[in-house]
Amino acid sequence: TGNGVFRPLIRATNVFLIFKNTFLCLNVSSIMLQEAKCAYIIIIMAVYWCTEVIPLAVTSLMPVVFFPLLGVQSSKSVCLQYLNDTNMLFVGGLIVAISVEQWNLHKRIALRVLLILGVKPALLMLGFMIVTAFLSMWISNTATTAMMVPIVQAVLDQMDNTEYDVTVMEQGTGQTNTVIELEEKNASDPTSVQVISNGQVPDDPRSSEEKTMRKRICKGMTLCVCYAASIGGTATLTGTGPNMVLKGQMNQLYPNNNDIVNFASWFGFAFPNMILMLVLAWLWLQCSFMGLNFKKSWGCGTERTAKEKAAYNVLKAEMKKLGPISYAEFNVLLMFVLLVLLWFSRHPGFVKGWATRLFPEGEKYITDSAPAVFIALLLFILPANKPKFIGWSPSMSDPEQAEEDIKKPFLSAPLLDWNVVQRKMPWSIVLLLGGGFALADASANSGLSAWLGHQMTPLGSIPPWAIATVLSLIITVFTECTSNVATATLFLPVFSSMAASVKIHPLYVMLPGTLSASFAFMLPVATPPNAIVFSYGHIRVLDMVRSGIVMNIIGVFCVTLAINTWGRPMFELDTFPAWANSTTNQ
């Protein structure tokens, strides 16, 4: 009720601030320099993005209005940024992801992997994390989490129900079988001894400890999903918004960068980082919520307990519901694999890619967006069911059936329908990316980037690794309360200017900044996967904050390690490339 009373007041304040800023902007436009005008709009947009006084996507449209009004850039130049090459790559990738979701292929992959890995507590958590991370590399983090959490919930519920049934059965027969407990009590535990001596089985303190342990396991199992979704999204260029922001900003700020950030190069850098983070996150969650008792958690050589059998049966039943793989699912899987192969083989770096071999000057003209949109087009053409070759061999034994078959169309409906795409496509992120690219373009052309670079020249005395680590920490904190894409959009142009002023490779600070924008682990509001997990009621904000602080430290450590080890030779981070002089010259 308190929120209901204050909501109109908050709304009125928001409207006042919006109009005040707008009119102030128009009044001061005549006395400002170009750089100052651009900076003013960026500051207003930053405030709106952080406070969300209006939707994020609507704030992203502000450059279309205010840059032309203030004379910073023409409408034509600004509007071109909203659907550029990077955004088309994002749209193409999303359409393929929507087709995977539409035909439940992601659920089949998830259940198959979980059944292979097994249902021992440690392996079950690792299975959930591997599946979630793999799927969020290709489809949105939010969709992956929304699909995985109900599976986790069903498994946990079934394990609890089985434990309750076995406990009731034991109390009826007067027998105790410690093998069926997920976490066995140590025989030397004083509370256990006291329970046995008193003989109070129904009300013993051990049962309350088991309940506490069950709650901790529930927390760990659900938290691992949202963390794995955020980590997995960093591994591919199209996996999450900030990665696309980096790709777009690099093309925007450094037009002659020789396509240094493409699908293959990003994957080569970010995938090992994702694996390292995933393992450390799993160890941390295992230690934090289940304890590092490997004998009990891994259960090497031991027989499956009743709870583990129940969990396995749940997964098996879910898999059975899906039935055998359909023609449509197989087609979507084929298209998905083909797209990944086209991305990797377009410009691998160590050999000539298909773009150069098959097309004259293909390397110059073809980018990652071309195969993405090509596969998206095929999804609207290929049929969802097998073509029916009835006309050549009609069934003579059943004339009615033969007539019915002839009436059926030769080709069925396509794999994907535009209405589905329109409903599921996150258009707000497309606009958010476009707004970011418009800001970056205006910053470079107005001279704001060059001015910022000059202000940061004193930072040249600090070691580059220290700069990168501090910037990663700043971004990690900032992204907890702001959209990941908005965070990357605001900070990456600043990092670019700073790199130019202190003469270090732009990617040396932009790569850690991009990855850190995805490390929103501490708050439910930080990112949609966190909010989905929080809504199930197993975890409190404090639980997420405690785990999230360590996760942020793990993330910054892994990113710092990545750019100082395998990242250096991959992107030649020890040099200051010739193409990086473009912003300083402007």
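Every residue, even glycine, has its Cβ placed from backbone N, Cα and C.
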TrEMBL annotation (transmembrane segment) - matching range among 12-33, 78-99: 12-33
In contact by Cβ distance (the transmembrane segment (547-566), the transmembrane segment (39-70); 3 or more pairs under 8 Å): no
Feature contact check the transmembrane segment (260-285) with the transmembrane segment (109-139), CB under 8 Å, 3 or more pairs: yes
Winner by Cβ pairs under 8 Å against the transmembrane segment (547-566), considering only 220-240, 260-285, 365-384, 429-453: 260-285
Long-range environment of the transmembrane segment (429-453) - Cβ separation under 8 angstroms, sequence gap at least 6: 34-35, 37-39, 41-42, 45, 56-57, 59-64, 67, 72-73, 77-78, 81-84, 86-87, 90-91, 241, 244-245, 248-249, 252-253, 483, 485-486, 488-490, 492-494, 496-498, 500-501, 583-584, 586
